[in-house]
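Some notes on the structure that comes next.
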Amino acid sequence: MSKVVRVAVTGAAGRVSSSLIVRLASGEVFGPETKVILQLLEVPASVNPAALKNLEGAMYELQDCGFSTLKDVVITDDPNVAFNGCNYALLVGAAPRGPGEQRSDLIRKNGAIFVGQGQAIAKNAASDVRILVVGNPCNTNCLIAYSNGRDVPADRWHAMTRLDHNRAVSALAIKAGVTNDAVTCVTIWGNHSNTQYPDFTNAKIGGRPATEVITDRAWLENTFVPNTQERGKFIIDTTKVSSSFSAANGAIDHVKSLVTGTPAGDWTSAAIVSKGEYGVPAGLVFGYPCTTSGDGNWNVVEGLKLDAFGEAKFKKTLDELLKEQEVVKDLLPS
Ligand code: NAD
Ligand code: LMR
């Protein structure tokens with residue numbers, strides 16, 4: 001008998017989710033032997049009459065793909081239905097920023113969404129649920145959801161730094177004139193924001209320290225780091241809308257790693273509820289270097305060293321997350 005996995009996706013008619021749901025349905029993530037039930041949430045018609053109608057259209061198109069791995073598609077405006085028995089909850093539904101905005105400008109607009117969704121996940125999800133928050137500002141939205149859904153263990157709640165990770169890998173590969181697979185051991189420390197620290201000091205290119213392959217330290221510090229931090233803004237400035245299929249790809253990669261594992265000798269980046277690793281206060285949702293055996297659990301890579309440049313960047317992103325926590329403290333039950 002084939003396995004069935006229920007995947008809830010919020011904001012399912014939005015730009016990121018439109019790229020995400022077709023790949024979840026296709027068998028790419030959970031394999032050809034697993035049947036997928038997509039449980040798609042959108043806002044009620046009273047909030048936006050087009051959203052559920054667009055979702056209905058997406059459901060028909062998913063049916064028309066004829067995927068052997070797609071068992072069912074549920075569309076709903078009720079979080080209790082969307083999260084019912086779900087094994088994965090991908091929380092994408094939230095307003096994106098526009099030109100001139102920081103992700104943190106969304107904090108009060110989007111934060112409240114994650115109070116009700118955290119509660120609904122705790123009430124309805126399967127006992128093995130894993131949650132990935134994509135909606136921005138994703139670290140702090142994840143903190144809100146987790147704080148309101150504490151019946152679900154802390155290690156199940158993740159926020160997405162995988163897009164930043166993929167961006168950093170690609171930027172180093174282009175600079176070194178190699179393909180992406182030659183770049184390993186990249187870390188996005190901290191917040192999915194322009195304070196994140198894309199750590200090149202522990203990264204490798206072709207198995208050698210990245211700093212030995214790219215010897216232009218000024219480029220690493222003054223071009224690679226800010227360009228990775230500001231890549232989301234760069235996309236918005238270029239297209240007037242925020243990233244969509246690359247964001248969906250980051251979410252796919254995050255879940256795929258949890259299902260199939262990270263390669264030996266490498267790690268990836270994920271923001272998770274800190275247990276105090278690297279001196280981060282426990283409970284904060286912080287981006288770390290992570291491995292997984294494919295058992296659905298992230299393990300933080302311990303013992304990495306940062307130089308003075310990295311220490312300063314680490315402190316800055318940690319300070320920002322502590323400030324964000326303060327801004328939403330009324331949404332965090334004690
Ligand atoms: P979008 O506006 O195209 O879609 C968002 C969808 O969410 C809309 O269809 C909206 O109706 C829905 N929605 C809003 N509130 C909801 C709720 N309470 N329940 C269910 N659905 C709800 O936006 P998008 O471009 O798809 O981006 C979605 C979010 O993802 C934004 O916050 C964006 O900033 C974020 N994002 C994060 C990353 C990352 O790397 N973490 C990358 C890209 C985008
Ligand atoms: C991104 O990094 O592309 C997203 O978080 C969207 C944004 O607002 O930058």
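Glycine too: its Cβ is placed from the backbone N, Cα and C atoms.
Remember, predicted model here, so these are calculated numbers, not experimental data.
According to TrEMBL, Arg97, Arg103, Arg167 bind substrate; the candidate from Asn136, Asn139, Asn202 that the record adds to this site is Asn136. Of the listed candidates (Asn110, Asn124), TrEMBL assigns Asn110 to the same NAD(+) site as Gly11, Ala12, Ala13, Gly14, Arg15, Val16, Ser17, Gln117, Val134, Gly135, Asn136. Proximity to ligand 2 (Cβ under 6 Å from any of its atoms) holds for these binding-site residues out of Gly11, Ala13, Arg15, Gly135, Asn136: Asn136. The CA atom of His192 (active site, proton acceptor) is located 9 Å away from the CA atom of Arg103 (substrate binding site). Across the range of the domain 'Lactate/malate dehydrogenase N-terminal' (5-149), the DSSP-based residue counts are 63 helix, 29 strand, 53 coil.
Nearest neighbour of Arg103 (substrate binding site) by Cα distance, taken over the binding-site residues Ala13, Arg15, Ser17, Gln117, Gly135: Gly135.
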